[in-house]
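Copied over from TrEMBL, here are the features:
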- 147-243: domain 'Nucleoside transporter/FeoB GTPase Gate' (DOMAIN)
- 37-56: transmembrane segment (TRANSMEM)
- 76-94: transmembrane segment (TRANSMEM)
- 106-127: transmembrane segment (TRANSMEM)
- 147-174: transmembrane segment (TRANSMEM)
- 221-243: transmembrane segment (TRANSMEM)
- 249-268: transmembrane segment (TRANSMEM)
- 326-349: transmembrane segment (TRANSMEM)
- 355-388: transmembrane segment (TRANSMEM)
- 400-424: transmembrane segment (TRANSMEM)
- 436-457: transmembrane segment (TRANSMEM)
Amino acid sequence: MMTTSDAAHDPGLGGTAARRNTSGIALRPMPGHRWRFFVYSAIGLAMFFVSVEIGGRSTILVDHALTLVRWLLGPAVPWVVVALVLLGTVRPFVTGSWRRGALRTVFSLLNVVGLAVAVCAAAGYYPGPLANPDIGPFLWEKLGIPVGLIVPIGAVFLALLINYGLMEFIGVLVRPIMRPVWKVPGRAAVDAVASFVGSYSLALLITDRVYREGRYTGKEAAIIATGFSTVSATFMVIVASTLDLMAHWTLYFVLTLVVTFAVTAITVRIPPLSRVPAETFGNVTHTPEPTPRGNRLALAWEEAMRALANAPGLLRGTWGTFKDGVLMSAAIVPSILSVGLAGLLLATYTPVFDLLGWLFVPFAFLVQLPDPVLAGKAFAVGIAEMFLPATVVAGHESEVLRFTVGVTAVSQIVFFSALVPSILATRIPVNVGHLVVVWFLRVVLTILIAAPLAHLLL
């Protein structure tokens, strides 16, 4: 992830890290420094995609890093997470962001509930329904603590993927398909990559900035916000781990990426996204994206080298993304502990999501998912918090069901505990009604695409 100042760049031909010096002339790396592109990118890719067996447990290296940090912190782990929750709870009131709309105010107040839950859990005190092992202890030990720690840890290694040219290199290569497939400019590739290797908050920051500068229309910004703003790869590790899918991590990650973007290619062609006006923000003049000419691979290398020339040193770069990871974790965990708790209570003690789940039962039955009623409930609960579907089917004997639910939890994109208030805090022209419809469409389409693939590949 990057800081706000890093994100306020020209995400066009120059890419995310193509920052310029004060003279306006793009810097070029010294030949001896080009090794950083290959070495740092390789390390970053290895941390997220290479599975290694350590201590009888086979998982990706970032997950092993989480285990190491938990071992080093020992009994202090719960209180470290409490400190993060405290930071996330207090920060909106200090910065004044809690006043930015009614929904933002509600979530800021819910963070206080999340803080109370964190303190009780860290102290080993679970009052009332929280004492249910599938609610309080599960929410804290399987979600609160792992998410609180893995986001900052993962952010350190994400710096290797973001800062040293790999993101720009990939972005240039995929630009030719962006307009015909997803009806967005090629520069949107940066937003998509930023979300998968960074976070949806980073992607939304970039999208909102570019929209307000006139380089996206309202329709393009809405498509990008609801079609590419996924949770990060580090959070996907938590989902896969909860669903016991780490043995298939690479397949899970790649298939989730493919299905998510395939669903987006469909939703951009149907309401409500197809009806969002293709107008620029305010009175800003629209700045269309220039068409690059020349060899695509050479252009990708040029962009990567431009990014590398302006990249921070390793320590400064990783420290910056670590700080962003801490702030991101502090923002996510309180919402999960409050909205996630509400979702678990509703799912356990009320028929709300059982009833809502019947909307998805026919689709689950159509693609022959085992236990379609339970599957429908899992899909329905995702609108509250994207992690909750994993809690509903965790431990189920069907790997196909767990895999499909895991893919859908990410591909749905829209959920109320974090993404909805984040989008509504921007100037992107979508409302709550739009977002709920997009959520439903994305869930249905993901079921229809992901389940057959799971049957075929598992």
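Here the Cβ of each residue, glycine as well, is placed from N, Cα and C on the backbone.
In TrEMBL, annotation is done automatically, which means it is predicted and not curated.
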Can you work out whether the transmembrane segment (221-243) touches the transmembrane segment (106-127), with the criterion being 3+ CB pairs under 8 Å where the paired residues are 6 or more apart along the chain? no
Paired segments the transmembrane segment (436-457) and the transmembrane segment (249-268) in contact, 3+ CB pairs under 8 A: yes
For the domain 'Nucleoside transporter/FeoB GTPase Gate' (147-243), would you mind checking the mean pLDDT of the predicted model? 81
Under 8 Å, at least three CB pairs between the transmembrane segment (37-56) and the transmembrane segment (147-174) (pairs 6 or more apart)? yes
Report the listed stretch (147-174, 249-268, 355-388, 400-424) having the maximum count of Cβ pairs within less than 8 Å of the transmembrane segment (326-349). 355-388
Same chain only, please: residues at least 6 beyond the ends of the transmembrane segment (147-174) with a C-beta under 8 Å from a C-beta of the stretch. Say none if there are none. 1-2, 15-18, 36-37, 40-41, 43-45, 47-48, 62-63, 65-66, 69-70, 77, 80-81, 84-85, 186-187, 189-190, 193-194, 197-198, 232-235, 237-238, 292, 296-297, 299-301, 303-308, 311-312, 317-318, 320-322, 324-326, 328-329, 332-333, 336
Per DSSP, what is the residue count of the domain 'Nucleoside transporter/FeoB GTPase Gate' (147-243) in each of helix, strand and coil? 76 helix, 0 strand, 21 coil
